[in-house]
Amino acid sequence: MTEPYLSQPIDETAAAKLREAGLRLSLVDTSDTAAYDAWLSADARGFHAKQPSAAALAQERELLAHRRLTAVHDDAIPASAGIVGTVSSWAAPLTVPGPRPLDAWLISSVTVSPTHRRRGIASALLPGQLRVAKDLGLAVAALTVSESTIYGRWGFGPSTFASSWSIAPRRAGWIGPKTTGRLSFTTPDEFRETSRELLVRQNEARAGEIRLTDYLAERQIAPLEGTTDAERYRLVRYDGPDGDPQGFITYVITGGESDFTDHTLDIVALVSTTPEANAALWRYVIEMDLVGKVRANTRGVDEPLPWLVKDLRQAQITGVQDHLWTRILDVPAALEARRYESSGSIVLDVEDSLGFTGGRFRLDVAADGSAQVRATEDAADVSMPISSLGSLYLGASAAPGLAASGRISGDVETVDRLFRTAVAPRLSSWF
Ligand SMILES: CC(=O)SCCNC(=O)CCNC(=O)[C@H](O)C(C)(C)COP(=O)(O)OP(=O)(O)OC[C@H]1O[C@@H](n2cnc3c(N)ncnc32)[C@H](O)[C@@H]1OP(=O)(O)O
């Protein structure tokens, strides 16, 4: 691995802050298996996950080798428990409105040991991560979160939302289009390469998606080592009438013990590159025999399913929640990297309490949707903290709510018209 972020030195400010607390910050040497395994075990412990087996550790070592792994050590306690904080990060393309994705700093595995929480370890790590990203020249950082109360303080704002579904398939009934392609069972080994290509194609077509690494793609295709119900995973592909692969579904069917006609089908991933593939794969699960309930999550907020069934109350959204959180580190670079669906001009006053990119900027959007952003001393039309700009950035309809809660003030209508996109952004995976 030669990515520059792997050799970028640790952030000295974070290291000094942790030193004052008697702790040591380091990058994990992933060629040292014992050190790598200790970090992976600390990460699992931090999320209350089971201790990874030897096979799971081996798989994670291989699939996570592209990540920059950071550890916080307490050298005063027994070495076996010595890693008390973890974070992993890497650079990858994030799709933004318009044709070109933007490289973003993706942050994951933020854990602090329950024995060391609420002493400022995360407060040292997160700004340190943002400084590393800024030093690498990245304009945006992003993460998916375990709790929505944590990351706003460091300038992240929720920028995509995801829906979860519970469907009573027999009562829902299918009225969607008849599709003319072919469904067939396949296996991860047979289909891995094609499914990875389909994931890339699906995700490139929508703002808010990231380029999945092998690890993240694998989780949508096959059970990782140690996954519950791994032997129940099924993989079905959908090929169009010409035999061209257009999508796939990974799912698990459980239950049925007390009533064999009442199994539950959980969708692990439903990946489609065409509306036909989306319809064909939904129809496949809605018409599955012996299934009384279908569940899905991390779907977009505009999932067309209710329009594809006879009784739309039988395809219920059980929740819509914040999913991707975005942190802008360079306002001009980030805003110029996306396209806009409406032309116009606005002066934004952006407050960044961590000092990465605050200031006053004029955003000029041309008729073709491209933008120019310059620092200005003109009067501001609209003011907001950097977290609000992160929420607007990918095109979500966030401006009215942010204004209602006092997190944007001024010409909210223009900011909404400029930033919002007709199609809501979506992130269809966790990372
Ligand atoms: C991108 C991801 O990886 S998301 C996953 C986040 N990790 C988890 O959920 C695993 C379980 N939780 C943890 O490991 C830890 O509690 C962490 C990482 C969330 C926080 O680590 P800590 O070192 O305890 O945080 P720290 O002491 O620096 O607190 C920072 C601030 O966040 C607040 N905070 C910390 N955890 C939480 C929380 N779970 N919910 C709300 N606020 C929190 C603290 O009160 C503090 O607030 P302040 O700035 O107003 O004083």
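Every residue gets a Cβ built from N, Cα and C, even glycine.
TrEMBL annotations:
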- Tyr151: active site, proton donor (ACT_SITE)
- Phe431: active site, proton acceptor (ACT_SITE)
- Val110, Thr111, Val112, Arg118, Arg119, Gly120, Ile121, Ala122, Ser123, Ser146, Glu147: acetyl-CoA binding site (BINDING)
- 23-188: domain 'N-acetyltransferase' (DOMAIN)
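Within the set Val110, Thr111, Val112, Arg118, Arg119, Gly120, Ile121, Ala122, Ser123, Ser146, Glu147 that the record links to acetyl-CoA, no two Cα atoms are more than 19 Å apart, and one pair reaches that distance.
Taking the C-alpha positions, the distance from Val110 (acetyl-CoA binding site) to the residue listed as 'active site, proton donor' comes to 11 Å. In sequence order, no residues are near Ser123 (acetyl-CoA binding site), counting only same-chain partners six or more apart with C-beta under 8 A.
Counting only the Cα atoms, the space from Glu147 (acetyl-CoA binding site) to Phe431 (active site, proton acceptor) is about 14 angstrom. Checking the recorded positions Ile121, Glu147, Tyr151 for a CB within less than 6 Å of any atom of ligand 1 leaves Ile121, Glu147, listed in sequence order. Here the domain 'N-acetyltransferase' (23-188) has a mean pLDDT of 97 out of 100.
The secondary structure of the residue listed as 'active site, proton donor', as reduced to three states from DSSP, is helical.
Here the active-site residues are Tyr151, Phe431; the one with the fewest Cβ atoms within 10 Å of its Cβ is Phe431. In the three-state DSSP scheme, Val110 (acetyl-CoA binding site) is classed as strand.
Taking the Cα atom of each, Tyr151 (active site, proton donor) and Ile121 (acetyl-CoA binding site) are about 14 angstrom apart.
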